[in-house]
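Heads up, the thing below is written out as structure tokens.
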Amino acid sequence: MSRLSKLGEIPLTFHRDLPDDAEIKTVTVKQEPTDKWFAIFGVETSDDPPAKPENPEKCVGIDVGILKYAHDTDGTAVESFDLSDERERLERAQRDLSRKEHGSANWEKQRRVVAERYADLKNKRRDFLHKLSNYYAREYDFVAVEDLDAKGLIELPGNSRNRAGAAWGTFLRMLEYKCEREGTYFVAVNPRGTTRECASCGVSTEKPLWVREHSCPACGFEADRDANAAWNILSRGIPKRLGAGRSESTRVETALPVDTSASVKRVVETGSPTLKREPSGER
């Protein structure tokens, strides 16, 4: 039982323990559309984030995309999270709701089903994004990403643009605060031209969206389109965050990675495979 001001004692089920040194600052009680109640704790701890390294060794650039959710400069391609089954169940529940008389007992019962289907989809997406952002924040000393405020999404169809933009934005916001928490440098760069520009020689080459390979007519460098963009993001991010003269180590000719693919199942099941320090239970 917990005692809350103006509410008295109410039973609470914690899905994880609060840190031992946590000082509770606020408690917000809210009811979800599923009719379930949640208590959200705002806490303050005495832990200071670790100091950022003076000379970061493990640096990564990340390009987000449609066919692959993310592609980084270590050659890892993270598959897009397939929520088609969850969306189909949600749409089916919404169609059933539309056939009910509004305000009736059956309508209210089906409304809760719709809310549960939507919550299931949202929770699975956020869980995936939490685990992916945890991995990058804990695995690397320096993370460079695209500034989505400057990223043009006009090439995508309307629904895909809205859905992708929202998911990318959530991922990058999670990644930013987790990098700060883990003592990892985080920088967002202007993505203009990162796909067209050759990461090896800098020559810009126009290519339509359906062309998925980068092949430079000037120097002959070939790479996956998104991998090339990730290298450009990293090479722009290092001098922006660490100062001029620090970008030479990111040139692709120094260490071209062999591409590997990380399935969504692996990310969801394992979370962060390598940690710089033990996690404290926070997300």
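All residue numbers here begin at 1 and follow the chain in the order shown.
Note that Cβ sites are derived from N, Cα and C of the backbone, with glycine treated the same way.
In TrEMBL this protein carries:
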type	residues	note
COILED	83-110	coiled coil
DOMAIN	48-154	domain 'Probable transposase IS891/IS1136/IS1341'
DOMAIN	168-233	domain 'Cas12f1-like TNB'
REGION	263-283	region 'Disordered'
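If you look at the coiled coil (83-110), the same-chain residues 6 or more away from its ends with a CB under 8 A from one of its CBs are 117-118, 120-121, 124-125. With DSSP states grouped into helix (H, G, I), strand (E, B) and coil, the domain 'Probable transposase IS891/IS1136/IS1341' (48-154) comes out at 50 helix, 20 strand, 37 coil. For the domain 'Probable transposase IS891/IS1136/IS1341' (48-154), the mean pLDDT of the prediction comes to 90.
In terms of DSSP secondary structure, the domain 'Cas12f1-like TNB' (168-233) contains 24 helix, 13 strand, 29 coil.
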